[in-house]
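> Submitted below is the structure of interest, expressed as structure tokens.
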Amino acid sequence: MFVDQVKIYVKGGDGGNGMVAYRREKYVPKGGPAGGDGGKGADVVFIVEEGLRTLMDFRYQRHFKADRGQHGMSKGQHGRKSEDLLVKVPPGTVVKDEKTGQILADLVTHGQTAVIAKGGRGGRGNSRFATATNPAPEIAENGEPGQERDVILELKVLADVGLVGFPSVGKSTLLSVVSSARPKIAEYHFTTIVPNLGVVETGDNRSFVMADLPGLIEGAHAGVGLGHQFLRHIERTRVIVHVIDMSGLEGRDPYEDYVTINNELKEYNLRLTERPQVVVANKMDMPDAEENLQAFKEKVGDEVKIFPISAVTKQGVRDLLFEVANLIETTPEFPIHEVVDESDTSVMYKFETEGVKFDITRESDGTFVISGYDIEKTFKMTDFSRDESVRRFARQMRGMGIDEALRARGAKDGDIVKILEYEFEFID
């Protein structure tokens, strides 16, 4: 089964916890703190594997969670960093953040990698908190939580040429004639429901990859007839070969077909109109085809170059292939998304915190709920089993301005304050 879009969950590994320990050696009184730091959590890394051709494997495994870092140890020993979790994807995979729609990675070449979910840093051991006024601190941090997100994987086939047109115009037959590909061919609409790829050799030491894309219908740009799934694969092609049935046996007008398909390409993505398009008048071996071709030429005008062919008899196919090969040589590759200006925005793949530090809401029972990336991260990295860590967390909340914000919202002694699933009493 060909699968070209899936939604999966990824989570980087949490950092290892820091250690509270002290140096205990003979003849070394008051040895001081010796707790090591936790190791960094593993990243979730996508890597291109050229042997893959579909996202089928992701239908059976949709959750990818990397290992956490090793905890810190005594004698100042730091925890080990965990090995990154490598997730193999086929060439042509685009990774998008499900929540924001931001493109996180465009993976096209074998061995190319991208970090999709970063692991958290290790928590600091108590040796990191030693000061002149507190030489033996009872403080250590928990590991930083790893980044987690839902992502959409979209596979866009890597082909130089894309065959487009209405169903049953002869796209699959043409591909089978010019390459070794063997797409399914039958006398009914939508015989092709997945892209088929074939390597075409022109006979003069030139070759290119051609994709037979499923037939389009009116409204495809809006998703009609699985239009989004089909049009997605045209975005990477450099040349569009527009196949039109000149026989008229389907009861459609060739010129109306031409206008409809071009409108669908334009409505789906304006960049598709920038690609050179070769118009192919197919089924010229059929009755009335020549008459229909002349009427078609009168409507489109002389500026549109038309290649009359018969995919069945191979009439005109050779000239068509030479024209396509020439266009590929002179047409650059088109990016599938706008290039991000890194001077004004964040670098792609960078794990960024939210701009707002915290938000305070009040529930119907009077409980104050504090949320936000910074405060939730600080909370998760605090070891509440140790008094000094609790006091440090209270100082951090004051430093963030949370105490003052709670008072401004009307919080009084004894009111309940909630962070994540934990509740505290507010003490003014």
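Backbone N, Cα and C define each Cβ position, glycine as well.
Annotations for this protein, taken from Swiss-Prot, read as follows:
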type	residues	note
BINDING	165-172, 190-194, 212-215, 282-285, 310-312	GTP binding site
BINDING	S172, T192	Mg(2+) binding site
DOMAIN	1-158	domain 'Obg'
DOMAIN	159-329	domain 'OBG-type G'
DOMAIN	350-428	domain 'OCT'
> What is the Cβ neighbour count of S168 (GTP binding site) at a 10 Å cut-off, with all protein chains included?
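Excluding its own Cβ, the number within 10 Å is 21.
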> Given the binding-site residues G165, P214, K283, S310, tell me which ones have a C-alpha lying within 10 Å of the C-alpha of S172 (Mg(2+) binding site).
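If one measures from the Cα of S172 (Mg(2+) binding site), the binding-site residues that come within 10 Å are P214.
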> Can you count helix, strand and coil residues in the domain 'OCT' (350-428) using DSSP?
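Here the numbers are 29 helix, 17 strand, 33 coil.
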> Which ones in the same chain are close to S310 (GTP binding site), with CB under 8 Å and 6+ residues apart in sequence?
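When sequence neighbours closer than 6 are ignored, S310 (GTP binding site) has N282, K283, M284, D285, G316 within Cβ distance under 8 Å.
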> Find, among the binding-site residues listed as K171, K283, the one whose Cβ has the highest number of other Cβ atoms within 10 Å in the structure shown.
K171
> Translate the DSSP assignment of S310 (GTP binding site) into the three-state scheme.
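Looking at the DSSP assignment, S310 (GTP binding site) belongs to a strand.
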